[in-house]
């Protein structure tokens with residue numbers, strides 16, 4: 001009985017400390033949510049930063065919604081994507097709805113020889129906002145060596161998800177620094193916050209975008225340039241293969257309206273209150289438990305996908 005008492009006391013303090021830690025994290029989340037989404041206001045995003053906003057991957061999903069939100073604020077829009085037909089359609093929709101000028105640049109971001117064309121097309125434009133949104137992922141979660149067409153997949157994911165962010169920033173940032181104002185919004189992913197097995201290459205490229213953004217923000221915030229890393233969880237987009245939005249998987253429009261409120265308030269954001277809460281909870285998990293959950297979740301999706309493909 002005497003030896004049990006110290007052990008009971010130790011367990012009590014371990015439990016109390018754990019509860020206190022979780023309570024502190026939840027309190028911090030509520031404070032942050034209130035500051036950002038309750039009281040916050042984006043840092044003057046509009047034509048005063050520069051007439052034009054450039055959006056890569058701007059014909060679908062999150063990219064299209066950013067283009068629409070920026071056009072709503074009176075900015076002229078440059079859409080950069082692969083399909084000229086889709087570019088023409090979205091460009092026409094935006095110009096008619098928001099009465100702003102639009103330009104389109106049709107390029108395939110899986111190629112590395114596109115940036116001279118983009119540079120020439122952007123020459124002379126007063127660019128206030130760059131949204132680096134273009135991206136690609138796996139067809140389904142898979143073990144690294146079993147990823148279909150692995151060598152080509154490695155090259156494509158790095159070229160589209162990581163190289164494009166560096167190259168586009170290289171083209172646009174000098175003008176922002178010269179004018180001492182501008183905003184670069186880099187769309188990373190929650191998969192870049194924590195390693196995601198079975199999406200290894202994708203997760204690694206998104207971690208690159210997150211680190212690149214954080215470093216760049218520290219380098220250039222004194223020059224008047226905001227660089228933001230946006231780290232969403234699931235959004236109902238074609239890339240995520242989610243057809244209908246839910247309370248935790250918002251539509252692109254809902255997500256972007258929420259994320260716009262974080263510009264100038266958070267340099268690193270999940271963009272959406274529920275996503276921020278999930279990130280806070282995930283950060284409190286021990287790594288062994290996180291990886292167990294991540295592997296189980298990814299492998300479940302993998303098995304269902306392969307079973308469906310076999311049936312077809």
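Keep in mind that glycine also has a Cβ here, set from the backbone N, Cα and C atoms.
From the options 161-181, 182-202, 203-223, the stretch Swiss-Prot describes as transmembrane segment is 182-202. Nearest by CA distance to residue 189 (substrate binding site), out of the recorded positions 54, 58, 62, 70, 202, is 202. For the binding-site residues shown (54, 78), fewest C-beta neighbours within 10 angstroms: 78. Of all the binding-site residues listed (50, 74), 50 sits in the most crowded Cβ setting, with the most other Cβ atoms within 10 Å. Per-residue pLDDT, averaged over the motif 'Di-lysine motif' (308-312), rounds to 84.
Of the listed recorded positions 66, 202, the Cβ environment within 10 Å is emptiest of other Cβ atoms at 202. Residue with the densest Cβ environment among the binding-site residues 58, 62, 189: 58, by other Cβ atoms within 10 Å.
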